[in-house]
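According to TrEMBL, the features are:
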TRANSMEM  A:6-27  transmembrane segment
TRANSMEM  A:34-56  transmembrane segment
TRANSMEM  A:62-85  transmembrane segment
TRANSMEM  A:92-110  transmembrane segment
TRANSMEM  A:130-150  transmembrane segment
TRANSMEM  A:181-200  transmembrane segment
TRANSMEM  A:206-225  transmembrane segment
TRANSMEM  A:230-247  transmembrane segment
TRANSMEM  A:259-277  transmembrane segment
Amino acid sequence: MDNVVIEALVRALAVGTPLLLACLGAILNERAGVVNLGVEGLMAVGALAAFAVAAGSPDANLWLAVGAAMLAGAALALLHAVATVTLRANQFVSGLALALIGTGAAGLLGKRFEGLPLFNKVADWTLGSFTISPFTVAALLLAGAMAFWLGATRSGLTLRSVGENPAAADVLGVNVGLTRVLAVLGGGALAGMAGAFLALSYRSSWADNMTAGLGWIAVALVIFVGWRPLRAIAGALFFGFLYYLQFRLQGNSPIPTEVFSAMPFVLVLVVLALAGMRGQAGNAPAALGRAYVRGER
Amino acid sequence: MRFVSLSAPSTARAALVTLASLVTALLICALIFTLAGQSPAEVYGTMLRGTLGDATGLGEVGRRTIPLLLIGAGLALAFRAQFFNIGAEGQLLLGAVFAAGTALFVPLPGPLLLPAVFVAGFVGGGLWALIAAALRRVNVNEILSTLMLNYVAVALVTYLIAGPWKGKDVRGYIYTDTFPASTYLPTLPGSQVHWPTLLLGVAVALGLQWVLSRSTFGYALRVVGENPGAARYAGLSSGRVALLVALITGGAAGLAGAGEVAGIHHRLLEAGQISLGYGFTAVIVAWLARGNPALCLITAPVMGIILAGGDILKIDLNLPFRVVDIFSGVILLCLIASEVFVRHRVQWGRA
């Protein structure tokens, strides 16, 4: 019995890790007032960059691979920052374009890595029958650190003020545009790291469309957890557990497989609707989704 | 650098900015191709020769123009009402499902069956979009909900063709039996251009343009989209407008789905074979047309060239079909990032 519980927890943590990392990234830029729906694309380029650095050589530097993934995520996110912060484009549509560019570019540039082996994957840590990826530990620590930083430090407050009331922050001398650009870059780097986890640890290979909708679920998760980093841990675990159920019940039950493949997406809708009915949307940063133009209300 | 508001931006300025952003997008794509080790000149040359160079290519562009026109015209209307429907892919699939269900299982006499198939397609697509409109009433962002519904629609199609609707005479494959012959649409000789659906698309685009610019509902829709505060003050229900808009835009995508199965496949088959990425590409069709359904008559064939070109690149240069996503994404990004230049002029230096 204990083994079943441990296995469920191990699997839920594993699938939950990319969700948590990407969700933390999205919380970071949304708390600064910028929505980025392009997480799916950011994860895809992150996964590709990590795999491109690590594949083919047994002594590839994995730190470098993770760094490359975060850099790739940030670089793609820079497009979003320029479009939405500098050029005041619609944040939702720009994010959608980013998702298309990211998955498309990863598919085109990654074709040569398809089927290549990864000699040097990020090994899991083992404690008896319990295994955990270093990525998971990093994600959990990061959630705690981000909660503390946003809630209790001056720079965290500055970031939040830009998302809640950019005009007031501007009057107090905060550089609204720069803060938002940095938040978007940070969000991109974390989504890239989520992709690195998929390529270097979870699947340890590269395939087109390997993100398989996880990025979209991460975006929805932000609303579900009310823009709070610590709650994101519970949210990511919950959806990780769902994926584990799908994996376990597939083929072992009279329910058709397609029900399980649709389940995470149906559940996102249910969860968002519940959050909406509870008035969760009221937790959103007040200036979320709107470009800031000095002198305009 | 700062932006100075223009009081009355001209149509010529909008057209020029649109054209400039298209050119910029193609240059950025060229850069990405160079990174992937391809010569951009060869890529663009291959695309143009393969699509516009001969009758076969033109037929492939025409075939893809049909769903793009239907969906794009509906999306143009939806975007004007600030209803960001990104789920046309799923609505097209549901249209195909409803159309296939009618063609396969509803015992209607020949001449009545084909219209019923299209009505069913409209209803299927419309209902799928209505879910998103209903969810918006409880503050669920429609971009997320329509996207999630895409994944659900794909699972539904797979379930039907592999399970209860699986054809009696097919072995090894997953698709339904073929429809009765009375539902087959005629095609232009030597191509898969099912012209009755094309005519329907032209009628829908012109009709929706009329609705948008001449009808009371169109006026309400534009007010709700451009100034929600004023709409509320005038007693216009943005919820009701959103429901109707969802029904129209989803229904148009559903018609496209019905046209694909009745005009080309004559059966329900895998989601990836019914839609060659029409739902997302149509977003660009609508955005290029800047929210004017009638202008989709021009922008749908343009994106049709890119979609058909993607297939040519797959065959001739062995590139993944994903290059179409790059084109779509870069064009979309350049379009929305250039919008500020339509309504503002740039002033260099400090104020």
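Glycine is treated like the rest: Cβ placed from N, Cα and C.
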The transmembrane segment (A:34-56) touching the transmembrane segment (A:206-225) per 3+ Cβ pairs under 8 Å rule:
yes
Long-range Cβ neighbours of the transmembrane segment (A:62-85) (under 8 Å; 6 or more residues past either end):
25, 29, 34, 36, 38, 41-43, 45-54, 91, 94-95, 97-98, 101-102, 120, 122, 177, 180-181, 184-193, 195-196, 199-200, 291
Selection from A:6-27, A:130-150, A:181-200, A:259-277, the stretch that has most Cβ pairs under 8 A to the transmembrane segment (A:34-56):
A:181-200
What stretch of A:92-110, A:130-150, A:181-200, A:230-247 shows the most Cβ pairs under 8 Å to the transmembrane segment (A:6-27)?
A:230-247
The transmembrane segment (A:181-200) versus listed stretches A:92-110, A:130-150, A:230-247: most Cβ pairs under 8 Å:
A:130-150
Sort out the residues at least 6 away from either end of the transmembrane segment (A:92-110), same chain, that have Cβ-Cβ distances under 8 Å to it, and list them.
35-45, 47-48, 51-52, 76-77, 79-80, 83-84, 206, 208-209, 211, 215, 289
